Structures are given as C-alpha cells and as structure tokens.
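Asker: So Swiss-Prot has the following annotated:
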type	residues	note
BINDING	Glu178, Arg224, His458, Arg495	L-aspartate binding site
BINDING	Arg224, Asp225, Glu226, Gln233, Glu488, Gly540, Ile541, Asp542, Arg543	ATP binding site
REGION	202-205	region 'Aspartate'
SITE	His30	site 'Important for tRNA non-discrimination'
Amino acid sequence: MRTHYCSELRNDHVGERVTLCGWVDRRRDHGGVIFLDVRDRTGLIQIVSDPERTPEAYPQADALRNEYVVRIHGEVSRRPDDSLNPRLPTGEVEIYADQIELLNAVHQQLPFQVSTADVESVKEELRLKYRYLDLRRDRMHQNIMMRHRLIQSIRRYLEDQQNFVDIETPVLTRSTPEGARDYLVPSRANPGEWFALPQSPQIFKQLLMVSGFDRYYQIARCFRDEDLRADRQPEFTQLDMEMSFMSQEEIIQLNEDLMRHVFKTLKDIDLPKTFPQMTYAEAMERFGTDRPDTRFDLELVNVSDLLEDSGFKVFSGAIKKGGQVKVLPIPDGNAKISNVRIKPGGDLFSEASAGGAKGLAYIRVKDDGAIDTIGAIKDNLSPEQTAELLERTGAKPGHLLLFGAGPTEIVNASLSRLRLALGAEMKLIDPDQIDLLWITEFPMFEWNADEKRLEALHHPFTAPYPEDEADLKTARAQAYDLVYNGLEIGGGSLRIYQADLQRRVFDAIGLSEEEAQDKFGFLLNAFNFGAPPHGGIAYGIDRLAMLLSGEESIRDTIAFPKTQQARCLLTQAPSSVDQKQLKELQIKSTAEPKN
C-alpha cells in the first residue's frame, strides 16, 4: 500500500516514485497551487499539487481537508532554495502528486485542531474524550514513542547485557492484606470467592527466585484502588526486577548501569558512574522528606536541643511532647518575602498548612545583625540562644528564618513543602539538572494511628539488617529507593527468605499465625525448600516516561489514561452491567441506580 514512511524521504530519494499513506495535517492554497502537509507516525512531508504539472491529481487535492486519510503517489523533488524548511527532517524535499486516493474523510466537525502547526491549548477532559485524536498530535505522539523507546531500551539492556529472563506472572490472584485496596474480580466458577488484580508481582517474583530463575524481569501491569493524584493511576505499568545471590550494593550498581544506559540511549545524557546515597534518617533530618530534591541548597536545621528550655511555649511545648523545632533559613528572604505571606491567608502559610502546620513563626535578621520577630519569641530567647541560633543556621543580615514546631512528621512535611515552593520561586533549581540519589536504611515499620498497630513502611517481605533482627520494631530495612529530582522513580529491597523470620515480621504487623498461614502459607512453605537470598526493585514506567518526555502528568505518557476520578472519558468506564451478568456471578448491588 505504501513504499515509504513520510519522514524517511531525503535528497537521496529525489527522482524516485513513491507511495505514501497518512493524514492531511494542513492544506494551503497558494495562487492555485495546493500544498498539503501529510503526516504519519514518523512525521511530515510536503505534497504539491500543481494543475499545470500534474492536472490529473488536482481535483482530488482541492477536495481534501484536515485529517482526511489519503494515499499519495508521486515523484520526490528537491524544494526550491527559497522554500527549504530546516525545521523538518524532510524540509529539503517535496512530493509532486500525480495520483491522490481518498481513503477516508472526516464526517463531523473536529472537536479541536490536530495539526502539528496548531498549538492551541485544549482542555484535558476534551482531549481524553477524543483520545484517538489527541494521540495524533505531535506532542502526544512523541510522548508515546518515548515510552516505547524506554521499554525497548530496558528490554535490550536487561536481556542482552545482564542475562535477565522476561517471565509473566498471574493477573488473577488472591487478595492479601497491607497496602492499598485491591480491585476484586468475582469468580463465576466458584460462587462467593474472589480474585484480586495484583498491586505488584511481589510474591510471584519471590517464588520465581525459589524456582531458580535468578534474574527475572517483567513490564508488569499493576492495579491499586486508591485515591488518585497527578502521578497516580488505578492501573499502571512498572518495570519489575528480582535477582538471587546479589548483595544490596550489587543490585544498586546494576540499576545504576541500567539508568545510565536508558538516559544515554534516549537523551544522550551521561549520568555519573555512581549515584550518591543518603540514609532515610539523614534525608528526613536535612530535607524533611525521604525523596529530597538535592538540586538546590536550602536545608532544614534542627534546633530542638537549643530551644527546649525556651520560654516560648510553642517551641518548648512541642519538644516536651516529643516533637521538634526546625528552621528553614532563606537567604535574602527579608527583601523577597513579606509578613503578609507568612501570616494566615498568605500563600506560604497555606503551603505550610497543607503539610499540617497550624502556623509559621519567623525571625528576620536585619542589616545590622539584630533580629526582628514577634515579641513572644524575642522576649524568650537569651542572647546566647540567639547567637547560637544564627550560627547554626548560617544566618546573615537579610536572612529570613521560618520555624516549624510540633509533631516531627508535621514539621518535616510543612517545611519540606515550603522548601520546594521557595526553591522554585527564587529560581534556585536548574531545570536542566538531573540529580539521582539513593535513599537507604528505611525503618522497617511505621505506626498506624488509626488502626493502632505497626505496618510495614515498604511491604512485609523486606529483610531487616541482620544486626537489627533482635528487636524488629525498631529495625532498619535493607531497602533502597531511587529519587530523581525529588520524585521517587524506583524502590526495592533485599527480601526475607527464611520462614521463621517472615513469621516474626507478620507477627509484628499484627497478623496471627493462623492469618499468616491462610494468606501466605504457600510462600512460607516455599521458603522451606531451599529459598536463595534475593532482592529486587520496581520502577514506575509511567513516571519515568513522564520525566523523559518533560511532562508534568503521567496521563500525558499513557495512551488511554483514567481521570483523577478513576474514569475513562473515552469509553465511559466504569459502567453498570447487565443484571443477567450479576445474577450469574451471584452478586447484588446495593448502590442507588444512576440516572
């Protein structure tokens, strides 16, 4: 049907007869000569229909409109010197069409312009409703192709250079505790019983290690029924990897090699030979988050020990209750940040409130080195405390010190949000810089206040450090997350591979022996048959594709995404189903019917 893709043609093809297929991207009539930009998935080529040179094709060219589907037969010609277009790979040539076939027309008004030349902003709801048109647009087309090349580069590296095996794991499995809610699938063959769609292939990839497949990977589809944000989808894709007989440092080294391969292949970027590492405790202390953006220098300073005896009760009271007082020092903050922004109703107050803070205290360092603040703080800081505070924070004349006081998690969350907001506002972040950082030594568990129990910070199959096994409740996990400019792109750990230790971890999170056996008996039993030491990692393909494409939402790198309400605007899923189907499954809905 065609001899070439549109974007393949160059000067070397001049004089050749070619057949092309694609969509009319744009039509222009210049003094009776019709110019068509025809588009396929590789790009654009200019088609010329001249009534004097090729009169047999002119009527068809004259009838064409944007997004008509066509087949073009003609001869490749060099463009006149004054018509060269250096912005196009095909900008030195054009096709004189002597035959044009209309394969399909557009029978409705386009909801928005698709043309590569059109840069109008289109509402996302409209784009998602007509996603097949949106995907024709150059930006979206490039995003999907970047995603394809990302997965292609991963496969080639893991299989050709690292001897990994691609193995599929079940999509219909059983529901297990921990983590987000499962998507459940009723079993018609087994009434009253349910499958769950996998949140990850975690257990199956560990079983593959027990099975002797020492280097496994999969581009896996995963499902989580959770509240959505800009970077979350109910169904998502991850690169899933698991390796036997490798230490944590060996796994980290292999993954650094993988990232270097991906970035060099796709962006021609040379990443460093090794990526820096930072413990979870250090990241939380310095940046208030376990995924710090280290492209700029604003750091939090813990002054709890200095202010625990302060007469200012907001500070001393927070510390006595087991909380912290931290400072975010802002160079030149006096000139750039007004009190209005810090007080209730101000944007910085609102940013801190989003992290849970009830207010913001501040100190300004005046040009003469004296401090300016509210009386309650100034009156309750001794000269020695003030001097020590300025020294610890590195404050100089012109500095603004923003304080967070309260429960540690709230102080960290609120000040880390302020740090990012001010870093962006003050243009401290180089948008072209890439910082990759490993966060290590996570706590094994965190306290769930609602359920009044410990829960695994990552998942309950993560191995503790051997020296911490005696007291699991305070143990560090042999876990590692890879952070890209403040976004987590991958996370993994060494795994438990001994049944007794796995039972102890289940017990620590409140799973009884009976529950553990019911939910995970098959895994515990497998560990009794010679399970090797193993570990792994998983990367979010959607997020990686987003970052490599320079987008701000993963929805722009997924062909058919859901909205933040977990709906597909194209197919109108989810939808009600026929009562006959529910009857076969022995299910009855208690929800009110929708109009």
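Note: Cβ is positioned from N, Cα and C throughout, glycine not excepted.
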Asker: For the binding-site residues listed here, Glu226, Glu488, which shows the highest count of neighbouring CB atoms within 10 A?
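Answerer: Output for this query is Glu488.
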Asker: Using other CB atoms within 10 angstroms as the count, which residue among the recorded positions His30, Arg224, His458, Arg495, Arg543 scores least?
Answerer: His30
Asker: Given His30 (site 'Important for tRNA non-discrimination') and Arg543 (ATP binding site), what distance in Å do their CA atoms have, once rounded to a whole number?
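Answerer: Between the Cα atoms of His30 (site 'Important for tRNA non-discrimination') and Arg543 (ATP binding site), the distance comes to 45 Å.
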Asker: Determine, using Cα-Cα distances only, which of these binding-site residues is closest to His458 (L-aspartate binding site): Glu226, Glu488, Arg543.
Answerer: Glu488
Asker: CA-CA, which of the binding-site residues Glu226, Glu488, Ile541, Arg543 lies nearest Arg495 (L-aspartate binding site)?
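Answerer: Out of the listed candidates, the nearest Cα belongs to Glu488.
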Asker: Tell me the Cβ contacts of Ile541 (ATP binding site) under 8 Å, same chain only and six or more apart in sequence, or just say none.
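Answerer: Residues satisfying the criterion: Arg147, Leu150, Ile151, Ile219, Phe236, Thr237, Gln238, Leu239.
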Asker: Specify the secondary structure state of Arg543 (ATP binding site) as given by DSSP, simplified to three classes.
Answerer: helix
Asker: Using DSSP, what's the helix, strand and coil tally for the region 'Aspartate' (202-205)?
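Answerer: Breakdown, helix to coil: 4 helix, 0 strand, 0 coil.
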Asker: What average pLDDT does the predicted model assign to the region 'Aspartate' (202-205)?
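Answerer: Average per-residue pLDDT within the region 'Aspartate' (202-205): 97.
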Asker: Indicate whether Arg224 (L-aspartate binding site) is helix, strand or coil by DSSP.
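Answerer: The three-state answer is coil.
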